[in-house]
Each structure stands twice: as C-alpha cells, then as structure tokens.
Amino acid sequence: MRRPELIMRSLPLILFLSLGSFHLAAAAVDDQFTFDGFAGVNLTLDGTAVVTPGGLLMLTNGTTLLKGHAFYPSPLRFFHEATSGGGSSTVRSFSTAFVFGIVSEYADLSSPGLAFVVAKSRDFSSALQSQYMGLANARNNGNASNHFLAVELDTIVNAEFGDMSDNHVGIDVDGLASAAADDAGYHDDRTGAFVNMSLLSRAAARVWVDFDARTSLVNVTMAPLELPKPTTPLLSAAVNLSAVIEDEAYVGFSSSTGVVASRHYVLAWSFKMDGPAPSLNVSKLPALPVTIARAPSNVLKILLPIASAALVSALAIAVLVIHRRRRRYAELKEEWEVAFGPHRFSYKDLFRATNGFSDERLLGFGGFGRVYKGVLLVSRVEIAVKKVSHESRQGMKEFIAEVVSIGQLRHRNLVQLLGYCRQKGELLLVYDYMPNGSLDKYLYAENSKILSWAQRFRIIKGIASSILYLHEDWEQVVLHRDIKASNVLLDAEMNCRLGDFGLARLYDRGTDPHTTHVVGTIGYLAPELGHTGRPSKASDIFAFGVFMLEVTCGRRPVLQDTNGGQLLLVDMVLEHWRQGTVTDAVDPRLQGDFAVEEASLVLKLCLLCSHPLPSARPGIRQVVQLLDGAMPLPELSQAHLSCNMLALMQNQMGNSCSVASSVAGNISDIPRAR
C-alpha cells in the first residue's frame, strides 16, 4: 500500500518535470530563450564577466584595461537547411532584446562601452581592450576572417574608427569602424521627434536588434526602460550575414575598459530565430547599482533665493575675474586637432593638477621637456604631464602630427598617451603615471631595490613585445629610436612600459624612412647611423640589444676602467663568451641567484642584436620567438662575431672605446661600483 501511495503522490511532480523538460527541448528547437535576470543562468563567461549574487550580468568590474565576454553556451543555427532538391541553405531572420546599464566611476570620464555580438567563435583571447571592446586588435581589425556582427554602445570617440561622438550606437562587421552609426536616442512615436539618451546616465535602457533575412537589413532600436519599443529604428544597415558567419554562430556580449574604470551590466536578455524576441518582464529585473542623489534640504529651499540675489550682485566682479583667468589659461586650437580633439585636456585642469607645475611635482626631464606628476581634481586619477617647449628642434605642428598618430598606439607594454593640451607656445602631453619610476634607477642607483632575475627577464620580454607591436603589428611602422633603460617605466606592479616617443618616426609599410639627423643616446646608436643617417628596424634592434645587456649585467653601455679608459659593455660580454664564461657577466648583485639557461640565452641574443652589421641582426619577431623558447638560438661563431667587426663598429661611431683585442685585459679592471 505504501509504494502505490508514494507513486500516486509523485505523479504531479513527475508530470511537472516532464512538462519542464518538454518546454526546454522546445525552446532549443525553436532557438529562443528569455532571461529576466541571470541568477542561475548557464552562460559561458571569460575575462572579468561574472553574474552577481543579485542576478546582474556584469561584463566589466571597474578595473582598467580589461575585457569581459558572456555568450549563450550553445551555438545557434543561423541558416535554414538546404532543400531536398539540392538548393542552397538560406540565412534566417533573428531578433534580440536586452536591458543594459553603464556605471562609470567618474561622471566626466568614461571607458569604451559594450556590444551585442553574433560570432563564429567565442574565442576572443587575441582581442584588445580599450577602444577595441574585446572584439579585435590593431592587426586584425576589419579583417573578414574575424566573422562577427556587433552592435556597439560606445562612450568614447576614436578617430581611428571614424566615431561620430562619445555617445553613439553603431553596427559593426568584422571591425570597430561602424557600417552605420547614430547618436544614442530614440524617435518618439507620438511627436516623431528624436530624443537623445545618455549611455552614461547610470540608468537602465533597452535595446532591440532585428535582422530581416528578406531585406538583409539590421535594425537597431533603443528606448528608456519604461517605454515600449519605438516604431522607427534608431539606425539600419544592410549586412550580408552569409558572408559574416557560417551555419552556426554564438550570440552574446563583449565589453572592455580603458584607462578609466567603468562597470558594464546586462540586466535581461531575450533572443529568437525567425520571429520577434520574447518580451522582457521589466518588473522582475535586478536593480542596477547607481549613485542616488540626495534630496535638497529645507534649509537650502530657504537660502536659495537669498543666494541667488547675492549671486546677481556679484556678477560684475565675476566677469572681470573670469576674463583675467581666461587670458591666463588661453589655449590655441587649429583645424588639424579635430583628429585628436576628444583627448584634449584644458590647461586649467592640468595647471591645477600639477599645483601650477611646481618644482615639488617635477619628476624629471624627458625628450623635449620637463615631466610633472599631477592628480586630476575631479576624478583623482594620477597622471604625468610633459611640458614640451616651443623651442624643440622639430616644428610644433610637425611634432603634434607625430603625437596624433602615436596617441593611437595601444599596448600593455607602452606608456599610454591619454591626451594633450596646447597653450600659447607650449604643448602639454598627458600620460599614465608610473609610480615606480624609470628602470634605470633600479639598475644603477645606490641602495636601490635589487630586481630579481625573474623580474628582469619579464621586463626584457615585455619590451620585446612592445617593439614587435611598433614594428610589425600596428598599421604603420613605428621606429622608437631611443630604446634604453631610462625610457622604460614601471607601474605599481612593476610591469614595464616603453615610453618617451619624442624621437619616434612613423612610415607606411613598404616604404623607407627618410634620412634625418642622427639622434638618440650614445652607446645605443647603431654604427650605420653615422654614415646613412637613416633609422631602421635594425637600428632599433641594436638599441634593444644594448638595453638587454643593461638589464642583465646591471651596467651602463659604456664602461670606464680604473685607468680612465672606456670599454663597450658588448665587448666585455663578447670576451666572456669567447672564454666560455658568458654568465659571469650577469649582474653580480644577484649573487648567482638567476636561471642560468635564460641568462645565457639573453646574453647571446644581446650579441646578435648588437652586431655591427644590420643584416646580421635578427628581426623583432625572431627575437620574441627566441625569448619565448619557440625556436632554438642560432649557433654563435668566431667568424660571426669577429674582432674586426667590432673594430669596424667603433671606427664608424668615431668613439674612443678600446678595440676588442684589448677587452681581455680590461675586464678585471672594471670597477664594480655603479
């Protein structure tokens, strides 16, 4: 009796579970889903993306220069199967709706936004953060091999992508240059007027994306959370979806942050093939974390009229004061600055941030000017400000043209140029502040912290990666021309950043750089520059070889023995190599605590990179592969690194360093003090 009774009591539960399973199966067949919040929802997440305890899908968590992705875990079929008569498969219509919110740490600064994505793959590991929104990088942006359709909600302007404003919506295919874009907003169904919306309002808003397979049109519509879907879409673009994705594709979201911390949220999401997306129940949505403004007190209500009267009586004085201040902070603007305009700082803000460019804020001297530490008053972001004198060797306009291009560079091992300001005869450049200063003080300063071998090897690999980006991975070739330890800065976590592009040159791929005056730092200049005056990738490699010697040996490029004579550091290392004691050249302050194989590899690679003949030096991609252990180091031979070649280098540079034949006698005479 007890077992039949148990079965009878379990029948409703079994029936309920069966119906639930049938419903889930039907949803999978129909290619549709609805998430009114994400608590317990199965999504594929990577990067900073998480589901909060409250059910919010948080793509970025307020950390700078990171990315996050969230995808529906299973691929969806975007094509109807071919007919039995042998016809080809046809693309399907789809529709999605979602609720999003962006919470920026500072009301006056923002990071890139977020994007809804339809992609062949969920793997965006090679994509960059910042303006690339975690979807592409500088090398593959716009390539047809990317295979993605995205709708971006973008809160910064990038001249590189032709962005129209810092508050726009765009339809992107395989890259971040939008096929169609418009300012964020909606068309009011009652009046027909266009109503602007702020993506940074910290209020949730709705977006609908509809693809019509018959017309190949992608329509994007948005509205405040409390309004229904407007009849007129915000923007439309014709997209040949069959050329973008294949039979199956993933749907989800991508987001990234730049130098300003922001949080990007998705509160709800629905999707359907061959029909309108299911409605979202906005009453069930999790709360978006926002800053709630305080209501004005009764005291303010009483005092406000009195204060207004006092303000009117003070206007005459204020006009005079403002006029004087404007003359003090007067800035120069020209038409060419449109390309870099969104990154322009006001002189007043920089003046205040640096305490009037006071001496106590002076960090040091960089190429073309002094560098000051600053703190932006509103955001409290720490910055470094370089004042470039109008007496620089280059014309001001030519120099700024270089800055406009270099300002587009984005790499984790490059010091980020945040923006600029022009005021009378000065150009002010604003960079990320690096709290641990320059690398050279850790290599040469007395009583400084001694860098471990692991830190040194990571720094060498990081700078090699940045040079690879400059030489090979950006749209133009960038020659740094001044790679050295004092131009490598360290952030709070001792990560390295190559900076000071005051001498850099850019040129298009397939062309040669023009002959210029020989510039750079003695000890790092490739010997051929003395004759040709033409910088090249090989001359940057030479300087990088000397830089690696600096980091590994803890010595300056040009040494002085006890007799007052000079000796090239590369000569000293070469002599150690010939004697089979190359690792004896490693910084003695490490007291033998280093990876012998890594140190030997680096020192031998230094000799190759510092070869006096440009054609004998490896390219930067080969250097990176060697440092990563992806390829074996070529065997070094006496013929490859001969005394005559080193003497040739010294003769070309016209210096007084001793030739290689005298190295052996001088090694023991080099003092250990720095």
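In case you wondered, yes, glycine gets a Cβ from its N, Cα and C as well.
Residues or ranges marked as N-linked glycosylation site by Swiss-Prot: Asn42 (among others). The Cβ neighbour count for Asn42 (N-linked glycosylation site), using a 10 Å radius over every protein chain in view, is 8.
Annotation source Swiss-Prot lists N-linked glycosylation site at Asn61 (among others), citing sequence analysis. Reduced to three states, the DSSP call for Asn61 (N-linked glycosylation site) is strand.
Counting every protein chain shown, 11 other Cβ atoms lie within 10 Å of the Cβ of Asn143 (N-linked glycosylation site). What Swiss-Prot records for Asn143 (among others) is N-linked glycosylation site.
Annotated N-linked glycosylation site per Swiss-Prot: Asn196 (among others), in sequence order. Annotation for Asn196 (N-linked glycosylation site): spatial neighbours Asn167, Asp183, Ala184, Gly185, criterion Cβ-Cβ under 8 Å with sequence separation of six or more.
Non-local neighbourhood of Asn219 (N-linked glycosylation site): Trp208, Val209, Asp210, Phe211, Asp212, Pro233, Leu235, Ser236, each in the same chain, at least six residues away, with C-beta under 8 Å from its C-beta. In three-state terms derived from DSSP, Asn219 (N-linked glycosylation site) belongs to an extended strand segment. Per Swiss-Prot, N-linked glycosylation site is recorded for Asn219 (among others), and the stated evidence type is sequence analysis.
Same-chain residues at least 6 positions away in sequence with a Cβ under 8 Å from that of Asn240 (N-linked glycosylation site) are, in sequence order, Ser216. The annotation N-linked glycosylation site is assigned in Swiss-Prot to Asn240 (among others) on the grounds of sequence analysis.
According to Swiss-Prot, the feature N-linked glycosylation site maps to Asn281 (among others). Within the same chain, the residues at least 6 positions away from Asn281 (N-linked glycosylation site) whose Cβ sits under 8 Å from its Cβ are Asp36, Ala268, listed in sequence order.
Annotation comment: Swiss-Prot describes 302-322 as transmembrane segment, evidence class sequence analysis.
Positions annotated as domain 'Protein kinase' by Swiss-Prot, on the basis of sequence analysis: 357-636.
If you look up Swiss-Prot, you'll see Thr511 (among others) marked as phosphothreonine.
Taken from Swiss-Prot, the feature phosphothreonine covers Thr515 (among others), and the record attributes it to experimental evidence.
As annotated by Swiss-Prot, phosphothreonine applies to Thr516 (among others), with the evidence given as experimental evidence.
The feature phosphothreonine is assigned by Swiss-Prot to Thr521 (among others), with experimental evidence given as support. Long-range Cβ neighbours of Thr521 (phosphothreonine) (same chain, at least 6 residues apart, Cβ-Cβ under 8 Å): Asp482, Lys484.
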Query raised in the report: How big is the Cα-to-Cα gap, in Å, between Asn143 (N-linked glycosylation site) and Asn61 (N-linked glycosylation site)?
Result: 29
Requested in this report: Calculate the per-residue pLDDT averaged over the domain 'Protein kinase' (357-636) and state the result as an integer.
Outcome: 85
Query raised in the report: Hey, what's the Cβ neighbour count for Asn61 (N-linked glycosylation site) at 10 Å?
Result: 17
Report task. Please report how many Å separate the Cα atom of Asn42 (N-linked glycosylation site) from that of Asn61 (N-linked glycosylation site), as a whole number. Result -> 20
